[in-house]
Amino acid sequence: MDAIKAITERVSVPQLTGPDITMAQKETLFQAALRAPDHAWLRPSRYITISGDARSTLGEIFLQSTPEWESLSEERQQKLRGMLQRAPLVIVAVTRVQDHPKVPRDELLLSTGAGIQNMLTAAWALGLGAIWRTGDMVHSEGVRQALELTTDDVITGFVYIGHVNCTLKQPPVMLSTDFVSEWNGETLVKTND
C-alpha cells in the first residue's frame, strides 16, 4: 500500500481477531516504530509483546491492580480480565525517561508516540487492524511490576493488533482549513481567508 494512502485512510479498529500476527509482520511493525523521530538518538522507546496465554495472565493482573476489585460486579471483573483478549497481539509501548540537557521529557514521550503511530500505519498497510489504548492500567503499579519496569519507565500505551473483525466506521471528512492557520508576522490568519 502507498504510504500516503496508508496515512490518510488509516482508522482505529476496536474489534480484532486472529490468526496470530506472524514474526515477519511483527518485525515490520517494530522497524516502522524504530524510525520515529528521536532527538539526540536517545532511543527512549521499548516494546513488550503480549500474546497467547500471557494475555490472560496480565488480564488477571489488570483485575487485581484495580482498587477494591473484589467488590466489583462479576461482569466488571470479567471485563477487566478480558481486556487483552480483544486482539491476538498487544504491544506495550514504554518510554524510558532520562535526563538530557537538550531533550525534555515531553520529547521522549512524543518519540514513543510517533513510534506507535508508525506502527499503527504500518499495520494498516499490511492489511491488519490496530488501536492505541491507554486507561488506568498505564499507571498501575501492579502492571509495572509484572512487566519489570523501572521508575524511569512510562507506559505510553497498549497497542492492540489483529485482523479486522468489524465493519469499519468511516471518519468524518476533515478540512485542513478548520485546523490550519498562518501567522503573517503580526497575527494568525485562517488559511481559507
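Easy rule for this one: first residue shown is 1, then count along the chain.
Cβ coordinates come from backbone N, Cα and C, glycine included.
Taken from TrEMBL as is:
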type    : residues                                                  : note
DOMAIN  : 7-163                                                     : domain 'Nitroreductase'
BINDING : Arg10, Val11, Ser12, Arg35, His39, Trp132, Arg133, Thr134 : FMN binding site
Most crowded position, judged by CB atoms within 10 A, among Arg10, Val11, Arg35 as binding-site residues: Arg10
Lowest local Cβ density among Ser12, Thr134, which the record lists as binding-site residues, within 10 Å: Thr134
Structural state of Trp132 (FMN binding site), classified by DSSP into three states: strand
Cβ neighbour count (within 10 Å, all chains shown) around Arg133 (FMN binding site): 16
Among His39, Trp132, which are binding-site residues, the residue with the most C-beta atoms within 10 angstroms of its C-beta: Trp132
Average model confidence [pLDDT] within the domain 'Nitroreductase' (7-163): 97
DSSP state at Val11 (FMN binding site), helix/strand/coil: coil
